[in-house]
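Noted in TrEMBL for the protein shown:
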type	residues	note
TRANSMEM	B:21-44	transmembrane segment
TRANSMEM	B:83-105	transmembrane segment
TRANSMEM	B:125-151	transmembrane segment
TRANSMEM	B:163-183	transmembrane segment
TRANSMEM	B:195-212	transmembrane segment
TRANSMEM	B:239-261	transmembrane segment
TRANSMEM	B:297-315	transmembrane segment
TRANSMEM	B:341-366	transmembrane segment
TRANSMEM	B:387-418	transmembrane segment
TRANSMEM	B:430-448	transmembrane segment
TRANSMEM	B:455-473	transmembrane segment
TRANSMEM	B:501-522	transmembrane segment
Amino acid sequence: MRKSLSENLVQAQGLVKTFGAFRALDGLDLHVAEGEVHGFLGPNGSGKSTTIRALLGQLRLNEGQADVFGLHPWRDSVEIHGRLAYVPGDTSLWPGLTGGECIDLLGGFQGSMDSQRRDELVERFELDPTKRARAYSKGNRQKVALVAALSCDVELFILDEPTSGLDPLMESVFQKVIAELNREGRTVLLSSHILAEVEALCDRVTIIRSGTTVSTGTLEELRSGTLTTVEATTGHRPAGLEGIDGVTDLQYEDHPHGVRIRLVATHAAMPQAVAAVTAAEPTDLVVRPPSLEQLFLEHYQESGPGVGAAEPAGGES
Amino acid sequence: MSRISSQLAGTLGLFRLGLRSGWLGVAGTILLVAGLITAVAISIDSLFSNLAERQQYEATLGESPASQAFNGRGYGLDTIGGITAYEVGFLGQLLFPLLAVHLALRHTRREEEAGRTELVTATRVGRLGPLAAGLLIVLFTVTAIGILTFAGTASVGLPLAGAGWYSVGTAALMLFFASLGLVLGQVAQSARTGYLAGLAAVTAAFLIRALIDGSGWDAVWASPLGWFAEFRPFGEPQVWPLAAFLVSAVVLVAGAGAIAVRRDLGAGILATPAGPERGRASLGTAMGLSWRLNRTAILAWSVTAILWGGVFGILTQEMAELVEADPTVLEALGVDSGSDVVTSLAVVVICLAATATAVQGMGRLISEESSGRLGTVLATRISRKRLWLGWWAVVGASAVAVQLLGCMALGLVSWAVLSESAAFSTAMEVGFGYAVPVVFVAAMAALLRSIGSRWSVLGWLLVGWIATVGFLAETLQLPEWARGISPLHLVGQLPQDELNVAAVLSLAAAGGALLVLSVGLMSRRDLAAG
Ligand SMILES: Nc1ncnc2c1ncn2[C@@H]1O[C@H](COP(=O)(O)OP(=O)(O)OP(=O)(O)O)[C@@H](O)[C@H]1O
Ligand SMILES: [Mg+2]
């Protein structure tokens, strides 16, 4: 499932970063393959921004192996930075400069800004580049940072909650732009709390908690690791449900037309469970996979997901 | 009435909050002012214990127009207190007002700029609450300064009435400038703009007073710093300066309040106009960025240095006339020509502007780093080393430029009023002679900054120490090692002394080493945010 090492643009294994006694990263793994949009998720304070800043060489790791483009983030930071563009989580602009100046400032330092693309993005994001940064609204400040990063001709985009504060219209512009970039073969590492955005854009996701990776894989794979609810009304009690491995929470309730059944099944137990229910001639049958929210809530909660993750964290490729 | 009281809601809570978060600054201000005055008093008490010495002081330094220009008018100069007040004059008239403006801005505009005011005023805090809390902090601070100064000077043995008047005068002076700071905090949209405007106001007040006192014009009312000496605490005390300070302070505070109830939170009173749609290509370079972010401050310091140089250039003539009338003065002051006295003092101030440019320029990187902007820039192709060196090069070069511009103004104006070209070449020699110490301070600021943002404040202490050694080394009888902390002192007191070439070379080497060290530290540590 996971691509081989050589195709991973970002390769991080067992990252540890401590601030005094506090372990912000505690053995975190992250692998971003070339050409994918990789979602990076986790509760507040779980270490997403810290990971990203370490990958950018802003923080020095205490332990662990990290490389970006096969280079060392701290030693080769400048070489790495020439091939990526970054949108920080907390966008702060130079108060006295206009938005247009801020964009060109960053573009000048980056060195690979495509000025035609810059103008096009300014247009698409409906940004007024003549306003002073201190006069921008939060969303507009975010747009400045986005335009500055997305108009660079680079292989990798590292975006830390890039759409916080954007309105739904702009959110959809953002998704279109990212999809276009991805079609051109560019790689994106996207940290986000907006699940719809993650679902629309991401090929694979990594979920972390308290500085540790709890799961990583495609959304389907993550879903396959969670529980599906089955509800049905059947003429008679289905036989053999109790015996199926992975079926839990089985409930029967008498009903004028027969029996009402409710059960929870793992991905693996689904075919058998549904077959058993179907055999009992249901008059209605509802199979409900967990919503994205439920999926993430399970992974975010400190007690851990009720079922195994798609892939055990920390596994070698 | 109830409207006013509802607008003042929450003031006491904010006052306590301000003291808790800013106690270090408040305590530092109080101790610095009261401590400086007391230290000078102690020193004068031991230096001028007998009357004959004091009378000689009165007849020489007290009569010299250059000294009056720098220190303000002296009254009761045959008493310990009178000489103390006169000696505190120069540094005090710059330091006390600047501290007061800083205190006011720190507790009003800076909080607002950081967004904290927005948080607290969303609770049960009235529109005037933040301003009123800032005023309470000012009142608390100046009252404490008055009390401590009185305790300090009285304990040295100055007459109680004189010590009392002098303490009241100092507190009133600071109250006035803090009130000005409160107005600036309402008008300016950023604290930095406020500081620069405050610096301009203090410079203007000082120079107007210096011109009036140096020329002996009868116009002490024209500058608030002129009022300060007119308290005449150790001569025949006058009440009108107190009334003038208090009435002006009330007017200023009322003005600040009137603006505060009308303006939008987070805004000043000047709307920001739209700006260019594109940035110049130079903006995307280390030096371009440094220049763009520092240029307002650099221009402000340049203008300050030029004004200082120019005004003191004019005063060289007064000094020359005095020497012509009484050549023994030269010997008493230990100089070759009258204009040298002016040059040696004016150049200290010019060097302060230059070193302040350096420390402020490196300090600007604090907010760049803590806001994450530095991190964003460093996430591009530029290396930490290049950004650091490019930034420093602009800061260091500007500091030297400020220094040379100030000396050039001093030299040109003295040349014009004295018709002696030697005055110009002397001023420029002094300017170049102190260039290396200025660069050294810039390198020191870079090193302190590279260690971490908390350390930057030591750069300002160094600037303060240069001022103290420059103005008060003799008065405070500072030991040689303490004077040596000032890099200016190491190369000699120009133009009286010969330039110490060995010291210049060592300072240059040390500065280079500090800079290299700062690059090393900067490229090794974590960025604070980004
Ligand atoms: N410079 C620092 N000093 C001390 N602690 C820090 C520092 N930077 C981050 N932390 C801590 O590290 C942890 C991880 O922070 P990080 O910013 O990476 O979280 P995050 O996953 O990005 O959260 P969010 O979703 O809120 O952006 C937090 O508990 C934070 O308080
Ligand atoms: Mg974050």
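Each position is counted from 1, following the chain as shown.
Positions of Cβ are set from backbone N, Cα and C atoms, glycine also.
Just so you know, TrEMBL annotations are computer predictions that nobody has curated.
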Is it true that the transmembrane segment (B:163-183) and the transmembrane segment (B:83-105) have 3 or more Cβ pairs under 8 Å, skipping pairs fewer than 6 apart in sequence?
yes
Against the transmembrane segment (B:430-448), which of these stretches has the most C-beta pairs under 8 Å: B:125-151, B:239-261, B:341-366, B:455-473?
B:341-366
Take a look at B:83-105, B:125-151, B:239-261, B:455-473, B:501-522 and tell me which one has the most Cβ pairs under 8 Å to the transmembrane segment (B:341-366).
B:455-473
Close approaches to the transmembrane segment (B:83-105) from elsewhere in its chain (Cβ under 8 angstroms; 6 or more beyond its ends):
25-26, 29, 32-33, 36-37, 40-41, 44, 48, 54, 57, 61-62, 67, 70-72, 74-75, 77, 134, 137-138, 141-142, 153, 158, 166, 170, 173-182, 184-185, 191, 194-195, 198-199, 201-202, 205-206, 209, 225, 228-229, 233-234, 345, 349, 464, 467-468, 471-472, 475
What same-chain residues lie close to the transmembrane segment (B:501-522): Cβ under 8 Å, and 6 or more beyond its ends?
384-385, 388-389, 392, 433, 436-437, 439-440, 442-444, 446-447, 449-451, 487, 490-492
Can you name the far-off residues of the same chain, 6+ from the ends of the transmembrane segment (B:125-151), with a Cβ under 8 Å from a Cβ of it?
4, 6-15, 17-19, 22, 26, 29-31, 33-34, 37-38, 100, 103-104, 107-108, 111-112, 117, 163-164, 166-168, 170-172, 174-175, 178-179, 182, 185-186, 253, 256-257, 260-261
Outside the transmembrane segment (B:239-261), six or more residues from its ends: residues with CB under 8 Å to it:
7, 127-128, 130-131, 135, 168-169, 172-173, 175-176, 179-180, 182-183, 185-187, 221, 224, 227-228, 230-231, 269
